Amino acid sequence: MSESVHTNTSLWSKGMKAVIVAQFLSAFGDNALLFATLALLNAQFYPEWSQPILQMVFVGAYILFAPFVGQVADSFAKGRVMMFANGLKLLGAASICFGINPFLGYTLVGVGAAAYSPAKYGILGELTTGSKLVKANGLMEASTIAAILLGSVAGGVLADWHVLVALAACALAYGGAVVANIYIPKLAAARPGQSWNLINMTRSFLNACTSLWRNGETRFSLVGTSLFWGAGVTLRFLLVLWVPVALGITDNATPTYLNAMVAIGIVVGAGAAAKLVTLETVSRCMPAGILIGVVVLIFSLQHELLPAYALLMLIGVMGGFFVVPLNALLQERGKKSVGAGNAIAVQNLGENSAMLLMLGIYSLAVMIGIPVVPIGIGFGALFALAITALWIWQRRH
């Protein structure tokens, strides 16, 4: 990995380009692997309610390692942390390829993702500063969503051809991410020399949680992003069951095409947020959050493919406009109070706890036999109400 004493804070520095490429490949692997592994579960006749369990073991790793990964990101050069984390993802994907239980392999990928996330977002504040940070977040989100778009489609299409080919493509993507990480400059650790006593680390993490929760702005950001990503992951699994019921289509590819529409929309929404929203005007994003739930409700009632595509793209636009300013707000305020790595680790805990809760409720609803269309209607209505309540609370405080 190259050494760098002076950091070029340009939005298009070599270091930033390497981060964006590594993020794209890593996120591509994550999303292709999800749909490839779902196809594997179908081929091996796992029950439908087990599909969300796959994502639950993934996010469970985030929650389990949440007290430690922020300190890891702040104690070492973040580029090296990202490279190690992508190596773990590569190992997990390869293990599924070689016949290891898919839930175990996917858990290992989750451990890698848990270590990767604080480093990938924390490094943005080290490679660029000030007004460029929101734009850097926009680039990161755009790269991520482009990877979701292409990775999801690739996973579904390749799985329709051959599941093993789809799994191998995921492993190759993770390998490419490891190589891209080599070109990230070696920056000084943000907070070196911290204690590695697990009890002290847990206590320190809880202190970071408390500090961020007591601050009105960071609490607002944590709740908003947690609701968004919890809902987003649940929507992905909802689509897998909704497509054959509402549209009468039973292949692996169609749900990935529909997910791709959300991804395209988020790219557009993220770009709009970077231009129209600043750290001082974050509340502008809240109406978009409410509209996400409203459009999900309308979408659940559709029975034609073209309106479904259009509505999912609109959901994505609203989502990108909603989440990018909240991410930037947390990074800026969190960097000054608890360190960027710890702030993102706390954010991951909130987001993944929301995912675990929402996926658990969704899996239970499927298990007890509630039809998927009423699930979608209730899901959209509850999300709109939750964001409305958050906005009212934010305006009062």
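Just so it is clear, glycine is given a Cβ too, placed from its N, Cα and C backbone atoms.
Taken from Swiss-Prot as is:
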- 1-17: topological domain 'Periplasmic' (TOPO_DOM)
- 18-38: transmembrane segment (TRANSMEM)
- 39-52: topological domain 'Cytoplasmic' (TOPO_DOM)
- 53-73: transmembrane segment (TRANSMEM)
- 74-90: topological domain 'Periplasmic' (TOPO_DOM)
- 91-111: transmembrane segment (TRANSMEM)
- 112-144: topological domain 'Cytoplasmic' (TOPO_DOM)
- 145-165: transmembrane segment (TRANSMEM)
- 167-187: transmembrane segment (TRANSMEM)
- 188-226: topological domain 'Cytoplasmic' (TOPO_DOM)
- 227-247: transmembrane segment (TRANSMEM)
- 248-256: topological domain 'Periplasmic' (TOPO_DOM)
- 257-277: transmembrane segment (TRANSMEM)
- 281-301: transmembrane segment (TRANSMEM)
- 305-325: transmembrane segment (TRANSMEM)
- 326-343: topological domain 'Cytoplasmic' (TOPO_DOM)
- 344-364: transmembrane segment (TRANSMEM)
- 367-387: transmembrane segment (TRANSMEM)
- 388-397: topological domain 'Cytoplasmic' (TOPO_DOM)
Secondary structure tally of the topological domain 'Cytoplasmic' (188-226) (DSSP, helix then strand then coil): 28 helix, 0 strand, 11 coil
Sequence-remote partners of the topological domain 'Cytoplasmic' (188-226) [C-beta within less than 8 Å, at least six residues beyond its ends]: 66-68, 70-71, 73-78, 122, 126, 282, 289, 322-323, 326-327, 329-330, 333-334, 337-343, 345-347, 349-351, 353-354, 387, 390, 393-394, 397
Positions whose Cβ lies under 8 angstroms from the topological domain 'Cytoplasmic' (112-144), at least six residues beyond its ends: 7, 9-11, 13, 15-16, 19-20, 22-24, 26-27, 30, 58, 61-62, 64-66, 69-70, 72-74, 78-79, 81-82, 84-92, 184, 187, 190, 266-267, 270-271, 273-274, 277-279, 320, 323-325, 327-328, 331-332, 335, 339-345, 348
Proximity verdict for the transmembrane segment (53-73) and the transmembrane segment (167-187), three or more C-beta pairs under 8 Å: no
The transmembrane segment (18-38) touching the transmembrane segment (167-187) per 3+ Cβ pairs under 8 Å rule: yes
The transmembrane segment (367-387) touching the transmembrane segment (145-165) per 3+ Cβ pairs under 8 Å rule: no
Chain residues outside the transmembrane segment (257-277) and at least six past its termini with a C-beta under 8 angstroms from it: 134-135, 137-138, 141-142, 145-146, 148-150, 152-153, 156, 232, 235-236, 239, 243, 284-285, 288, 308-310, 312-325
Residue distribution over DSSP helix, strand and coil in the topological domain 'Periplasmic' (248-256): 4 helix, 0 strand, 5 coil
Distant-in-sequence neighbours of the transmembrane segment (367-387), which means Cβ under 8 A and at least six residues beyond its ends: 49, 224, 227, 231, 234-235, 238, 241-242, 245-246, 286, 289-301
Same-chain residues near the topological domain 'Cytoplasmic' (326-343), Cβ under 8 Å, at least 6 residues beyond its ends: 69-74, 78, 118-119, 121-122, 124-126, 133-134, 137, 141, 190-191, 204-205, 207-208, 211-212, 215, 217-218, 220-222, 224-225, 228, 279, 282, 285
Across the topological domain 'Periplasmic' (1-17), average pLDDT on the 0 to 100 scale: 60
